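To start, the structure itself, in structure tokens.
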Amino acid sequence: MSETTSTREEKKPPLDGRRTLPPNNSNDEENEVPEVDPFGLIPRGFNPKDYLRVVDIYMFKDPHEINKQQHHTDKYYNPKLIVRRGQPFQIQIDFNRPYRPETDQFWLEFLMGRYPQQNKGTYIPIIVGNVLKPGEWGAKITHRENNSIRLSIMSSATCIIGKFRLYVAVWTPFAILRTRRNPATDTYILFNPWCQQDAVYLDDEKEREEYVLNDVGIVFHGNVEDVKSRSWSYGQFEENILDACLFLMDKAELELSGRGNPIKICRVASAVINSRDDNGVIAGSWNNSYDYGVAPSAWTGSVDILLEYYSSKQPVRYGQCWVFAGVFNTFLRCLGIPARLITNYSSAHDNNANLRLDFFLDDEGKVDTRLTKDSVWNYHCWNEAWMTRPDLPVGFGGWQVVDGTPQETSDGMYRCGPASVQAIKHGHVCFQFDAPFVYAEVNSDIIFSRMEKNGTQVIEKIDTTHIGQLIVTKEVGGDGMVEITEEYKFREGSDEERLALETAVMYGVKKQTTRDTTYQPQTDVDMDFQVQKAVLGNDFKVTITFRNRSRNSYTANTYLSGNIVFYTGVPRSEFKKHSFSAKLEPSSSSSFDVVIKSSEYMSDLLEQASFHFFVTARINETGKILAMQKATILEIPTLRIKTKGELVAGKEMSVIVEFTNPLKQTLENVTLRLEGPGVLRTIKKEFRSIPVNSTLTWEVKCIPIRPGFRKLIASLNCDALRHVYGELNVQIQKP
């Protein structure tokens, strides 16, 4: 007896004293789920076959069927269902007899990993209800016929990414009966750039087609005087690539519960793409000898590399920066995170992140290789991934630098990012992750110096323009090159550029001046700015106020940058740039107004009409920097909803939706939607145009089905105006 006990003990996974369950970081492992889960003792005559029983589950998982079509996953060479989160998908369940909602009770269970837990998002029970809430788990019956029902299932817009196992559970008085484990019903859930509530939401369809669905790309290489290009096959839809990408997260030991967060996924992936310190995907080699492997330049795409790693679990030899970036791009696009490959020409590899590359010269003026540790790469490839950054202040979402090439350690591992491109441009490098390193890659100065015999250092030359001269990526929808240098930095030599540099220094980037002076923040001048409350379509002003507490007169070179941002804080475009010189009299306050005209922002305006302003100023006399940023939102008009007639279940009533166009332009191709669960089904109506200042009235007749407290919800949508809503609570009486 003791022997069998001990063998059973051995099979248990090793526990540690910190947690009751071992870490749940493998998407591949499974637990056993009982087909009959008794509530207690089961009476003798209990026969499961007497109850509702699932005969078959149909997943609509072929590429031409509704799910893969609607979820943009029809290109995946994978027989299983693949859907994107935060968007409904359909399944059909065939029972052994017609489903009777009054007496029968069943629910769905999605499970992931070996230790599924509800609070970790790895065990998801879904009760069938009447209404699907956007972006929340739920299911509703859309069709019943004979023994079959059709379900529409909504996944959470923040749920875990990966492969879930599906069970259908039926309640009986004595036990829960589950379907048998069936791999054919496994469901992959991916990120959804088409869903507004997803952290990777991207609003431009052409960009989604390029950055998520395009499976080939261009790598730009060569050098700044001689740009060369080559194609790279990402192959994110090829057979087994999706499984290989999920395996990378298992390899990185990312807890399953963290896999809904693109920030975490990018961070661990940037480490596991390279083989340093974790036996990751690709072994780098920069020494021109590629024994027992493939030369980096020989690869034509990511598929071979990922499949070889997936099967051998050993690093694939060899890669250099564009190989790391190409494979990383495949990984990101495959999981549904919009991504693009970037090339930075004359890229600084700075060993001590002090914004200067030190080249030491010997007596003859040649570079002393013994002393010189820093290097300039002809070009360096990294990736940008698109996501919100709720962990940072508003305005720093959007494109994030992630880099899988092993250069420097970050938190003890070779990895880099995600670092906000917007933060790098404005010098706000205090925000995680690794922004100072990327800032240095595009902004360092090259300093040539010579040691005198007595040990003093003589600076011979400072080159401030060489590093990061040209930053490029492939154009959307074509094979051409598009320059994005100014997304990373202001124009070389401009006031804004020096301002961003000084901001970066203020935030802790080491910038050794030639005198090695320490940086001291400004204390005798304060700056603040206010944004006037404004209604969509009107002009408004930004007022910048300086308070000079000193007895000196100062002049402040001031720069205002206005960006249109998504409601998630992701910037879309800079619509206002304004520089001016402010005279600050001693011991006084002075205010300066900057007018923002509606014509400047209306053409680029995003749905939630949010703006983000950066104001930076440099006091010329002291060289001190003042920097501030604020987000602001314009007032958006709403829809008005009224009802007419008695509000009684089973009796006809009217719902009236009204909207007045507040803009200085005619609204065209307007879509109105109205719904109210239990009152009326979703109704959609198109209006050709709504002229300026005119009011649209739409009356809908309906017969409410259920009494009780209900909500009517309406929305208006057109290219010029989005996120216009109205809602009304109604009490439907019993007849």
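Each residue, glycine too, has its Cβ placed from N, Cα and C.
As annotated by TrEMBL, compositional bias 'Basic and acidic residues' applies to 1-19. The domain 'Transglutaminase-like' feature in TrEMBL is assigned to 313-406. Sequence annotations record features per position, and here TrEMBL assigns active site to C321, H380, D403. Residues or ranges marked as Ca(2+) binding site in TrEMBL: N443, D445, E492, E497.
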What does the DSSP secondary structure composition of the domain 'Transglutaminase-like' (313-406) look like, as residue counts for helix, strand and coil? 15 helix, 41 strand, 38 coil
For the recorded positions D403, D445, E492, E497, which one has its C-beta crowded by the most other C-beta atoms within 10 angstroms? D403
Subset of recorded positions (C321, N443, D445, E492, E497) lying within 10 A of D403 (active site), CA to CA, in sequence order: C321
Nearest-integer angstrom distance between the alpha carbons (Cα) of E497 (Ca(2+) binding site) and H380 (active site): 22
For the recorded Ca(2+) site formed by N443, D445, E492, E497, which further same-chain residues have Cβ atoms within 8 Å of the site's Cβ center? T464, T465, I467, G468, K489, G493, R498, L501
For C321 (active site), which of the listed recorded positions (H380, N443, D445, E492) have their CA atom within 10 A of its CA? H380
Have a look around N443 (Ca(2+) binding site) and count the other CB atoms within 10 A of its CB, chains all included. 26
Take the C-alpha atoms of H380 (active site) and E492 (Ca(2+) binding site) and report the distance between them in angstrom, rounded. 20
Can you tell me the mean pLDDT for the domain 'Transglutaminase-like' (313-406)? 86
